[in-house]
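Here is what TrEMBL says about this protein:
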- 5-209: domain 'Phosphoribosyltransferase' (DOMAIN)
- Arg78, Arg103, Asp130, Pro131, Met132, Leu133, Ala134, Thr135, Gly136, Ala137, Thr138, Asp202: 5-phospho-alpha-D-ribose 1-diphosphate binding site (BINDING)
- Ile196, Gly201, Asp202, Ala203: uracil binding site (BINDING)
Amino acid sequence: MRLHVADHPLVAHKLTVLRDERTASPTFRLLVDELVTLLAYEATREVRTEPTVIQTPVTQTTGIKLADPRPLVVPILRAGLGMLEGMTRLLPTAEVGFLGMQRDEETLEAITYANRLPDDLAGRQCFLLDPMLATGATLVAAIDFLFARGARDVTAVCLLAAPEGLKVLEDAVGDRGDVKVVVASVDERLNENAYIVPGLGDAGDRLYGVV
Ligand code: URA
């Protein structure tokens with residue numbers, strides 16, 4: 001597993017406002033959107049391309065275009081949905097699949113309650129969106145889901161990660177595939193309720209309210 005922490009003053013500034021408990025949902029949603037676009041720039045550094053010949057007003061030249069098959073972006077519902085627009089803004093031709101996952105608050109294990117994904121993901125670059133990499137259980141389950149359909153190239157885009165979750169992910173992935181994690185910050189630790197510290201609270205609730 002490879003980890004990339006987006007080290008940029010704009011990322012740090014936006015993240016600080018996100019963390020602030022006084023930031024209400026409308027601003028929170030806007031900031032998540034902006035932050036994800038900045039993270040998407042880093043997350044797509046290795047997006048597959050192929051040469052293409054074009055004619056400029058002056059001459060013919062060879063540039064690049066995104067290769068087929070198109071990348072697949074997969075927000076993990078519910079909170080990952082708040083990251084979708086920010087990601088597809090930079091990857092407008094990507095296909096979008098969905099994974100509905102919830103953590104069992106007692107066992108902290110991930111339960112998959114919905115999925116809408118292509119059956120065959122062999123050779124497909126996949127971008128998973130999940131704001132909080134806490135215990136790692138959800139992301140491991142999501143990556144296993146994609147691996148079971150043949151994917152081997154997965155980039156997880158997260159706002160925050162806990163060191164504990166990163167370790168779980170690293171151990172679970174091993175050398176089964178190429179997994180990259182792009183985050184705005186690796187925080188200190190998890191608390192006794194498996195919340196990230198200092199964190200930003202419950203990302204889903206802060207995006208969409210307590211429903
Ligand atoms: N999920 C959240 O939304 N926040 C955390 O801190 C941990 C998991």
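Note: Cβ is positioned from N, Cα and C throughout, glycine not excepted.
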Output field, uracil shell: CB within 8 Å of site CB centroid, site Ile196, Gly201, Asp202, Ala203 dropped: Pro131, Met132, Tyr195, Gly199, Leu200, Gly204, Asp205, Arg206
Around ligand 1, within a Cβ distance of under 6 Å, which of the binding-site residues Asp130, Met132, Asp202 show up? Met132, Asp202
Near Ala203 (uracil binding site), which binding-site residues out of Met132, Ala134, Gly136, Thr138 have their CA within 10 Å? Met132
Mean pLDDT across the domain 'Phosphoribosyltransferase' (5-209) comes out at 96
Using a Cβ cut-off under 8 Å and a sequence separation of 6 or more, which residues in the same chain sit near Gly201 (uracil binding site)? Glu21, Tyr195
Taking only the binding-site residues Ala134, Gly136, Thr138, which one has a CA atom nearest to the CA atom of Ile196 (uracil binding site)? Ala134
Cβ neighbours of Thr138 (5-phospho-alpha-D-ribose 1-diphosphate binding site) where a neighbour is any other Cβ within 10 Å: 26
